[in-house]
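Report on the structure given below.
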């Protein structure tokens, strides 16, 4: 694990992870031959974009659509074609140790922007709209405006630049893979922090997903302010707690009469 955790993203604006070394992206060579071929990933589309002179090109992805608690985190990355970290892949296919190492390397060599949509926005807008908002603002927060953005999935975020949706893109496109790693590591670290701040839920283990442990904690403790109350399992526990409280209130006069 990295010795220094990243600054956590704000719901109000992007967080940048500036490269610690190397020349600016505007000055780097855009040659397609500068792109490395890494095992497990295809760079045909990125090569074509770079060869056409359509640069910079970015990748965007999110982490945390499905959990019952915590934010959805979106990341956008512009990779340096000459310094692509070796071994990039879908973050879900990597070990935690490998993700952490790649996170450090990506932040040191690429332009990175991260935005989170907190549970309050998810509950207000719905998870789809909150995710699209986070993805769009992560891209807008990059130091350079990309000419083209590769985005994982098939749901296009509202962006003025050209967007290419790629289903399974985090296992196909290097910049999407990098974004998926940044988003997941950032979110996992945040959930570990929430686990310490809200003991008993086990956030540091299940990262907010609907595991058996999490379900038991919800039944025992009820939801906290980091739960997504618009999600059915959380809403159901809220209803149970409300009904229990109402029964207790109704029973109070009877208890007083018996005392």
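Even glycines carry a Cβ here, placed using N, Cα and C.
Bear in mind that the values here come from a model prediction, so they are computed numbers and not experimental data.
Here Swiss-Prot flags 61, 62, 152 as divalent metal cation binding site. Taking all protein chains in view, 25 other C-beta atoms sit within 10 angstroms of the C-beta of residue 152 (divalent metal cation binding site).
Among the features that Swiss-Prot reports, domain 'RNase H type-2' is placed at 55-243.
The region 'Disordered' feature in Swiss-Prot is assigned to 1-26.
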* Starting from the Cβ centroid of 61, 62, 152, the recorded divalent metal cation site, name every other residue in that chain with its Cβ within 8 Å, sequence order please. => 60, 63, 74, 75, 135, 151, 153, 169, 170, 176, 179, 180, 183
* Structure fact -> By the 10 Å Cβ-neighbour count, the most surrounded of the binding-site residues 61, 62 is 61
* Integer mean pLDDT for the domain 'RNase H type-2' (55-243) -> 95
